[in-house]
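**Q** Heads up, here are the entries from Swiss-Prot:
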- 51-110: domain 'VWFC 1' (DOMAIN)
- 114-172: domain 'VWFC 2' (DOMAIN)
- 1-21: signal peptide (SIGNAL)
């Protein structure tokens, strides 16, 4: 058995030498090295400067060609210096516009508010309404509400009352005034007691009544 050992050792040494890392250099795998360098670098696009233009989607346009870039609805022209795009002065959108479309180069109002809002309710253009007994309102064409508040006349009595659905106070018993603590009707003389006769001032209901007190004896007027 002894004479065969040296031959086995020689075979093992030969195999180790064949797979030694030190024996493999970069020049042995040029294709793999190039692939690795390409993977580590960013993808390089063709340079179209002075030759054409590229939009956001990667489409190439020739010099002088008109196109619409992805980020804008305004047309552009491809030049040697790059895209030159139209930038028109767009008209202002109406402040009452409720629907705006951006399909064209300029935004366009497609629907204008055609009603008025007042105290949580909506009204048609030119519609008249009364939000309260004392107000008369109308929805104007400019979508604004114009109201007029009733200008009530001064009541000619000291005890006016407010009726439901009526704006201004009324004197249910007609004009009157105070004679002391007593309310007397206007226009006539009123005997407030056995010795006193009172009369309201004509048209001046807020003034105390004019009273004439006669001479009395034991609470009875003397003639």
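Each residue, glycine too, has its Cβ placed from N, Cα and C.
Worth saying up front: this structure is predicted, and the values here are computed from it rather than measured.
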**Q** Let me know the model's mean pLDDT on the domain 'VWFC 2' (114-172).
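**A** Here the mean pLDDT over the domain 'VWFC 2' (114-172) amounts to 90.
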**Q** When the domain 'VWFC 2' (114-172) is classified with DSSP, how many of its residues are helical, how many are strand and how many are coil?
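**A** Helix, strand and coil residues of the domain 'VWFC 2' (114-172) number 0 helix, 22 strand, 37 coil.
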